[in-house]
């Protein structure tokens with residue numbers, strides 16, 4: 001699996017996921033709309049959203065755009 005992996009909105013850096021990591025995810029805080037920082041990468045399971053966070057998970061190559 002290959003996922004995007006960088007904190008910017010318009011990410012172009014990809015990462016080959018390690019064994020056991022079968023999920024691509026994108027996570028961000030919905031309160032900070034102007035200076036939005038993303039956490040994007042690979043995971044074994046979909047990360048749990050904290051209050052006011054949005055988490056999106058998928059399982060195909062480069063799907064976490």
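Note that Cβ sites are derived from N, Cα and C of the backbone, with glycine treated the same way.
Model, not experiment: these values are computed from the prediction.
Per Swiss-Prot, disulfide bond is recorded for 3-24, 6-11, 17-42, 46-57, 58-63, and the stated evidence type is similarity to another entry.
Once Cβ contacts within 10 Å are tallied over all protein chains shown, the disulfide-bonded residues 6, 42, 57, 63 are led by 42. In three-state terms derived from DSSP, residue 58 (disulfide bond) belongs to an extended strand segment. Sequence-distant contacts of residue 17 (disulfide bond), defined by Cβ-Cβ distance under 8 angstroms and a gap of at least six in the same chain, are 1, 2, 3, 24, 42.
Here the Cβ of residue 3 (disulfide bond) has 26 other Cβ atoms within 10 Å, regardless of which shown protein chain they belong to. Each of the disulfide-bonded residues 24, 46 was scored by the number of other CB atoms within 10 Å of its CB, and the largest score is that of 24.
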